[in-house]
């Protein structure tokens, strides 16, 4: 969106006045890979101790099972991030595939992930720092000998975690301050650290396997599963093993800064899969096969600095004169501190990017994304999520110090890290499947391999195999987390409950539908999808031409089979007018009256009286005078609403047109129980004609259509166009915002104008600022409109949620008739 437009007569939209400045794309393949490796590559420095603590010698097996979910999900990221190279990652993917609500859920899961990332990686950083300082002291470095006991404070079972807790809080404050003043990520620093880390890990692995590792020891330890290691502990091991592979978002978050993302991202993601898999599995295999250090020792004494423990185990198997004895633990400890520091900062930056992206699309309050006037960074987000991380640190410190849980603080943080990430991973895999079918024309430089086709109703679905497997693996691990990790389950669930509540309140306060996309914000829409790849945008335009033609609304909503329930003679003329106006050529009206039978009588006892017969004959006559084919019947039923819904289903109707007076609406909580029941059970679209007390026949010369750009509002405009093609009247679309300037107005009004073009209907559009309901009522009265047509969403409870407060007010206070159109999704 280029910028907001001011409220005005909107037939002519003002030109954009704000230049959009985009991030410079300068990351190549290795730059993209290094960003991912700096994040995911650091995970093994955290996860190894946790996996060894639970799975013991069977840790490589637990890691391998978790790795399956990682591989499948990573390939999903490769396809989606290269096709949709935008910051936002899982949130953007889920939003494009499903709707705003699921985009929020995925994004909120990422925010939990990033918030815990700051706390967990900061916590483990202190573990490696304590180990490094202790090893320096033992190596005889002056002034640090007194620090040799620091690392012992970190051991599980110790009465205090003061060093790690205080150090982590201090680290969070430092990173918050640095990001507040606008410190930037350095791709060159990431590249340098990645190279150093890969070389260092390769050296560690070569030294370990060549000089110390023992195959008999490895076989003895790994066969402990089921005896020395219980299946429950192994399940715990699988859940914490997922920590090794969290961080996949990093490459997609940097997609907007990646040069030729269509080529770069698939290559860097595949390289990341291989590098992380090799590093994680080989390091774990090395740890389990060390004769000098048992898996239980690595998982307890070295739980918070496990790779240092592996280096220590290797050095214990070497000759005392070998220089690696002193250097290897020192170097690995220092490298662990640096890698984890980078990953901790990734949490702060990631939370800022995701929140900014979510706010931009109105799935989080825009308050979060406000930039500092001097530093040009979202300081509110940085402060809030950094403080949330400190809150989690204080929580686990308190839990650990007072032994309120059998889980170690590191394990609790790992649980929460898994919880949010697994929710996001599941949605990423499902998003790929959905987008393959929803946007088949989308340019996909890389496709996750293997797919099969299934038929569901009248639609054939393409189902990619690997994303489906990735979803089920992540679901399996997530269910293990819920079953085994009590603290993680409770806190993680509360995080999502609080977030969803905030989301619903925010959307309602903004008069936004809780699910549907805000118009003009779908980046994969055929109209704008070519802009995702500016380097080849010109070549891609032709790719989307046919999809654009299909995506543009037809500008009409004609129905072939329409059911018209009738109850009051004075309503027949206008309701038949509406129904005939919406009936396509060759279509048919099904006129009916429903006779309610009280429970004291059998349904056979009901008899159609003269008034019902007269009502139907009058309606048939009116339909025939309009040249429309019509049938009529009287139906007896315990429930009038059920009779209407069942009749529509039996006749395969695609629309129900029924009436209700405005006085009845006000007295019986909007439309009352019959309409409520029809809307709840109808198998098709429903149009409810809310009429004034004056029911003389009306000529619909002027129709007012409030629009929001959502699908239900689009259907309302289609209905209006269809009616006015027959009634030869005019249509005014109006968009109302609480603000005098609106970023959405341009896209919405352009869309309605495009729909009206070529329809042959006189159409105009206006944009007003103010209260939505008051503005609609005022315009309808002053403009002397004959009919207001409002689109409504499909909701389970009609009187509160179907229309919401705005349409409720319009229906009750409108100076003219109102037609409410509910589209069946």
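Cβ atoms here come from the backbone N, Cα and C positions, even for glycine.
Heads up, TrEMBL stuff is auto-annotated, nobody curated it.
TrEMBL lists transmembrane segment for one of the ranges 41-60, 61-80, 81-100, 141-160, namely 61-80.
In TrEMBL, the feature transmembrane segment is placed on 233-251, out of the ranges 214-232, 233-251, 252-270. From the options 161-182, 293-314, the stretch TrEMBL describes as transmembrane segment is 161-182.
Range 330-356 is the one annotated as transmembrane segment, of 330-356, 519-545 (source: TrEMBL).
No contact links the transmembrane segment (101-124) to the transmembrane segment (189-213), because fewer than 3 Cβ pairs that are 6 or more residues apart lie under 8 A. Taking pairs at least six residues apart, the transmembrane segment (461-481) and the transmembrane segment (61-80) share three or more Cβ pairs below 8 Å and count as touching.
Sequence-distant neighbours of the transmembrane segment (330-356) (same chain, 6+ residues past either end, Cβ-Cβ under 8 Å): 38-39, 41-43, 45-46, 87-89, 91, 107, 110-111, 113-118, 121-122, 124-125, 128-129, 131-132, 135-136, 139, 171, 175-176, 178-179, 185, 189-190, 193, 196-197, 200, 204, 247, 249-250, 253, 305, 307-308, 310-311, 364, 368-369, 377-378, 381-382, 385-386, 389. For the transmembrane segment (417-435), the residues of the chain that approach it from at least six positions outside its boundaries are 69, 72-73, 76-77, 79-80, 83, 89-90, 93-94, 96-98, 102, 105-106, 108-113, 116-117, 120, 239-240, 242-243, 246, 248-249, 442, 448, 463-464, 467-468, 470-471, 474-475, 477-478, 481, 485, 488-489, 492, 495-496, 524, judged by C-beta separation under 8 angstroms. For the domain 'UspA' (700-822), residue counts in helix, strand and coil come to 55 helix, 35 strand, 33 coil, using DSSP. Looking at 189-213, 271-290, 377-397, 487-506, the range that has the most CB pairs within less than 8 A of the transmembrane segment (61-80) turns out to be 271-290. Secondary structure of the domain 'UspA' (559-689) per DSSP, as helix, strand and coil residue counts: 60 helix, 42 strand, 29 coil. A mean pLDDT of 80 is what the model gives for the domain 'UspA' (700-822).
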